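*Asks:* Once you've had a glance at the structure underneath, I'll fire off some questions.
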Amino acid sequence: MYSISFQDDISMMPRERLMREGAEKLSNQELLSIFLRTGNKKETVFQVSQRILSSISSLNDLKYLTLQELQTISGIGPIKAVELQAIIELGRRINRAEVLQKEQIMGSQKLARKMQQELGDMRQECLVAIYLNSQNQILHQQTIFMGTVSRSIAEPREILHYALKHLATSIILVHNHPSGSVVPSRNDDEVTQHMKEACEMMGLVLLDHLIVSKSNYYSYREETDMI
């Protein structure tokens with residue numbers, strides 16, 4: 001990892017370079033420096049940016065850092081940690097929208113692989129609902145809950161609310177198992193059955209319920225006759 005010396009030439013400052021040449025011309029260190037704005041008593045903002053980037057193996061690792069982990073980095077206080085997580089999440093959503101917008105789902109495996117990339121490394125369980133039209137094109141993806149997925153928090157009301165809002169005809173549920181095992185629990189079975197019944201009452205179809213880990217996935221449609 002290299003370090004940039006800006007010296008006193010204002011034309012080389014990241015903000016000025018971005019305005020003159022465009023954001024795509026800036027290095028990761030320069031972009032991060034623009035966001036952080038200031039350093040600390042011992043380091044410039046460029047040195048803080050350099051140290052953050054040196055502490056991770058790739059930019060992708062940034063999205064897995066918790067607020068507490070970000071604040072262990074000298075120069076990153078509570079406010080900057082919150083701001084950094086917010087901008088990372090915004091980038092994640094932009095990327096997800098570009099990838100999933102109007103994509104047609106032809107099978108559970110393809111969607112499972114995509115969701116493995118998104119949820120496979122998460123340390124908490126996350127329940128996501130994906131809403132599709134009659135051509136099985138994705139209309140919307142909504143995170144329903146983060147924590148421990150149970151029937152009590154996977155109530156159909158919120159899930160069905162987004163289906164009606166986006167005029168969906170079918171739903172796919174996806175959640176991750178941080179343990180790495182994708183074997184469904186009894187609770188997973190109950191959530192699946194409960195949601196299937198709720199969807200049928202509303203004239204919707206529960207197409208699948210996927211359980212994903214970093215390296216594997218489980219499809220209720222492929223593995224059971226529940227769906």
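Using the three backbone atoms N, Cα and C, a Cβ is placed for every residue, glycine included.
As listed in Swiss-Prot for this protein:
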- HIS175, HIS177, ASP188: Zn(2+) binding site (BINDING)
- 104-226: domain 'MPN' (DOMAIN)
- 175-188: motif 'JAMM motif' (MOTIF)
*Asks:* If you average pLDDT over the domain 'MPN' (104-226), what do you get?
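*Replies:* Summing pLDDT over the domain 'MPN' (104-226) and dividing by its length gives 91.
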*Asks:* Going along the chain, which residues six or more apart from HIS177 (Zn(2+) binding site) have their CB under 8 A from its CB?
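*Replies:* GLU125, ILE211, VAL212, SER213 - these are the non-local Cβ neighbours of HIS177 (Zn(2+) binding site), listed in sequence order.
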*Asks:* Including all protein chains displayed, how many Cβ atoms other than that of ASP188 (Zn(2+) binding site) lie within 10 Å of its Cβ?
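*Replies:* I get 22 for this one.
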*Asks:* So how many other Cβ atoms are close to HIS175 (Zn(2+) binding site), meaning within 10 Å of its Cβ?
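*Replies:* For HIS175 (Zn(2+) binding site), the 10 Å Cβ neighbour count is 23.
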*Asks:* Please report the DSSP secondary structure of HIS177 (Zn(2+) binding site), reduced to three states.
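*Replies:* Coil, per DSSP.
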